[in-house]
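Inspection log for the structure reproduced underneath, given as structure tokens.
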């Protein structure tokens, strides 16, 4: 029996490869399945997300630069990590609206401190009312401006060497190497440094001529260079995780 036009069209469609999600490098989640990422969020993250973090996430979602924010699953991860290592004195470079900062502040004891640095105070002030309402603003020492001069000033005082339990970097990728040179002196032996975006939207494993958003392509080589350098640094143990946009944890051992 001859097939109908409808059947022929159906067979043709079935033979064609299905559209692959996230073909363009630049998607926020590294997971190839949106459904799987949504499952993680709805099953494990959102039900346990503190109300202040949910409120700040909703505020940030309306901001035009919202792609810069820490993902909810990574916020949960940071909060758990700080509790596991009993962090008390920390550094955060790159704040944006403060979602990761709030996750950290909620994890620290009441007398814990976070030295937070960002070049844009206006973005930080979007989330500040939520941070204040959560009762953790007293833990945060916010400095507006480039982080390197602040770190250099800290290093000048020997008392600051090895005085921090944890540092989180989510800022200009072309300066990650410069941040590491300084943080390795400021974080104690046994302390941890977390570098965000080290898988950089998956671009680190993509061909150089793959379709990418301009900002992804611009920073791709900087991220790849940093990843190679940190993998060869004998002063730290490292673990690179595909959480959020990729986070590399460095535990200082010497």
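The backbone N, Cα and C atoms fix where each Cβ goes, and this holds for glycine too.
Worth saying up front: this structure is predicted, and the values here are computed from it rather than measured.
Together with 196, 197, the divalent metal cation site in Swiss-Prot holds one more listed residue from 170, 172, 221, which is 170. The S-adenosyl-L-methionine site recorded in Swiss-Prot includes 70, 92, 94, 95, 100, 118, 172, and the single candidate from 137, 147, 205 that the record places there is 147. Other residues of the same chain near the divalent metal cation site, with their Cβ within 8 Å of the Cβ centroid of 170, 196, 197, are 70, 94, 169, 171, 195, 198, 244, 245, 247. In the three-state DSSP assignment, the secondary structure recorded for residue 197 (divalent metal cation binding site) is coil.
Ranked by how many other Cβ atoms sit within 10 Å of their Cβ, the binding-site residues 70, 100, 197 place 197 at the bottom. Listed in sequence order, 93, 94, 95, 96, 124, 142, 144, 171 are the same-chain residues at least 6 apart in sequence whose CB falls under 8 Å from the CB of residue 118 (S-adenosyl-L-methionine binding site).
Separation of the C-alpha atoms of residue 92 (S-adenosyl-L-methionine binding site) and residue 170 (divalent metal cation binding site): 8 Å, rounded to the nearest whole number. Cβ-based neighbour count (10 Å, all protein chains) for residue 170 (divalent metal cation binding site) stands at 24.
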